[in-house]
Amino acid sequence: MKTLLVFDFDHTLVDDNSDTWVIQCIPDQCLPDLVKNSYQKGRWTEYMGRVMSYIGDQDITPDTIRSVMETIPFTDGMIELLTFIVSNKNDIDCIIISDSNTVFIDWILQVAGVQAAVDQVFTNPATFDKRGYMEIECYHSHQCSQCPVNLCKRKVLVDFLAGQLKGGVDYQRTFYVGDGGNDLCPSNSLREGDVVFPRKGYTLERLLSRQSAQQGEGSSNPRVIGWTSGREILMELKACVPL
């Protein structure tokens with residue numbers, strides 16, 4: 001039976017926010033107030049659509065955007081972890097569930113040479129139109145009140161696991177690796193025997209700690225292991241995979 005690794009992307013696999021990293025392709029690296037102030041809580045994807053439209057208005061080409069996005073750093077130890085996954089695909093499946101977009105994630109994985117580690121990416125679809133403007137769509141609609149309107153990571157994970165089970169794949173365990181508030185909902189869908197890896201010092205760690213204190217001892221939950229480097233996750237993974 002396989003192990004499933006589920007990764008968030010921003011501030012997890014990469015050590016920054018890909019959606020804000022793209023601002024570096026603007027000559028003064030600053031958005032006008034009209035764009036900056038247009039963000040509404042829970043509607044980040046629509047906001048990023050306006051950001052990318054502004055970038056297109058500045059005659060910034062897709063090649064220039066790509067060259068900037070390819071400079072975003074991976075988090076310490078993550079390349080090593082992904083390389084291990086590539087070498088052990090018979091025992092490990094790996095997916096990304098992210099509020100970034102398909103174009104950014106594809107570019108960043110490709111330039112690092114680790115795209116073979118990832119079986120599927122669930123994120124907001126993005127394409128370039130005939131003008132060279134990037135257009136971003138919401139991933140899906142859902143009924144979850146805890147998550148942004150465009151993406152409930154729990155629904156994505158539950159649906160993926162159900163689809164795999166129908167195809168005859170029943171994972172022995174799931175590792176969920178994330179950092180943010182929108183990683184709490186999928187973390188709460190995990191079973192006893194699974195592991196949640198919240199990045200130390202980030203929102204998910206605080207939310208899980210608060211939730212644990214409220215639930216008290218005796219509740220049936222996945223293990224929680226904080227991390228600062230992908231190598232710590234790799235150590236746990238190696239303990240589960242026959243070498």
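Cβ coordinates come from backbone N, Cα and C, glycine included.
Caution: TrEMBL annotation is automatic and unverified by curators.
Remember, predicted model here, so these are calculated numbers, not experimental data.
As given in TrEMBL:
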ACT_SITE  D8  active site, nucleophile
BINDING   D8, D10, D179  Mg(2+) binding site
ACT_SITE  D10  active site, proton donor
BINDING   D19, D99  substrate binding site
Tell me the Cβ neighbour count for D8 (active site, nucleophile), meaning other Cβ atoms within 10 Å of its Cβ, over all protein chains shown.
25
Using only C-alpha positions, which one of D8, D19, D99 is spatially nearest D179 (Mg(2+) binding site)? These are the recorded positions in the record.
D8
Expressed in Å to no decimal places, the gap between the Cα atoms of D8 (active site, nucleophile) and D99 (substrate binding site) is 8
Including all protein chains shown, what's the count of other C-beta atoms within 10 A of the C-beta of D19 (substrate binding site)?
20
